[in-house]
Structures are given as structure tokens and as C-alpha cells.
Amino acid sequence: MNNQAPPQPSPQQTLQQLLQQQQRRQQAQQTLQQLLQQQQQRQQAQQQQQQQQELLQLREKLQQSQQQLQIWQQYTQQQQENWRNRQRSQQQRQEKEMRQEKEIQQQQQQILQLEQQHQQLQQQLQKRLQQHQQLQQQHQQRLQQPQRLQPTYAIVVLFLLLLWTIYKQIN
């Protein structure tokens, strides 16, 4: 009956196996990190595209608002001129003039409202532009940041070398 124990791997083989396992873990971590970075880049690209579309829509609204504002201003100027002309030629029709005056006041209020809307749209556009620039800056910073590798590999190697030296001194 032979009760001999199976041959034990040498410390060098054990160290090599541990190093290989560490390398495989590191490769898996790097692959995971790359996949996460790709996912982040895709999300950022989607966000940027969405923001660009929103910016375009806001610009269109702003343009429409400017056009409406111009139309109302021209219309009001025309009304005011007409009102002045009628005032000169038809002073006896005070009631009509009062009605026209009210209309002009209403139109001026509408112009004020349109101007406020116009300012709000401009503010929204500026906010969106700032958000867009911030996103682009964040994206640039992320692209410029070097990949940080964890120092675990070096620590494990040093620890194993230390164990190997202790083992050598004992034997």
C-alpha cells in the first residue's frame, strides 16, 4: 500500500497561478470599465442630440415670437396713425375715439405680453445653451481623463514576493 501524498506544486508554480488569476481579474475589470465608458459615451451622445433638438425648437419658437412681435408692432403703429388722423378730422366722434383708445391699450398690453414671452424664450434658450456647453465640457473632461488603474496588482505581487522570501528563510 502506497500512501504517498500527491505532488505539491512548487511555490513558483503557485505564484505564477496567482499572478495569472490576478491578470484575468484585471482584464475582466478593464473590459467592464470599457463597457461602462462606452455606455456613458452613448448616453452623453443621446443627451447632446436631445438638447440640440430642444435648442432648435426653442430657436424656432423665438423666431416665431419675433415675427409676431414685429407684426403686432406694425399693426399698432398703423392703428395709432389711423387714430391720430381720425382724431384730427373727426373730433366730434369722441366715443369712437375712446373705443379706439381702448383697443390700442389692449394691443399695447398684448405687445407687452408678447415681449415678456419673448424674453422668457430668450432666457430658456440661454439656459439650454449653458446646459449644452456644460454637457460638452463634461464630455471633453471625461475623454481627457486618463484611465486610472487600481494598484492591487502591484500590492499582490509584493505580498507574494514577501511570502516567497519568508518561505525560503524557513526552509
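Including glycine, each Cβ sits where the backbone N, Cα and C put it.
Not measured: the values here are computed from a predicted model.
Looking at the stretches 1-21, 64-84, 148-168, the one that TrEMBL records under the feature region 'Disordered' is 1-21. Residues 11, 15, 18-19, 22-23, 26, 29 of the same chain sit 6 or more residues outside the transmembrane segment (149-167) yet have a Cβ under 8 Å from a Cβ within it. In terms of DSSP secondary structure, the compositional bias 'Low complexity' (12-21) contains 10 helix, 0 strand, 0 coil.
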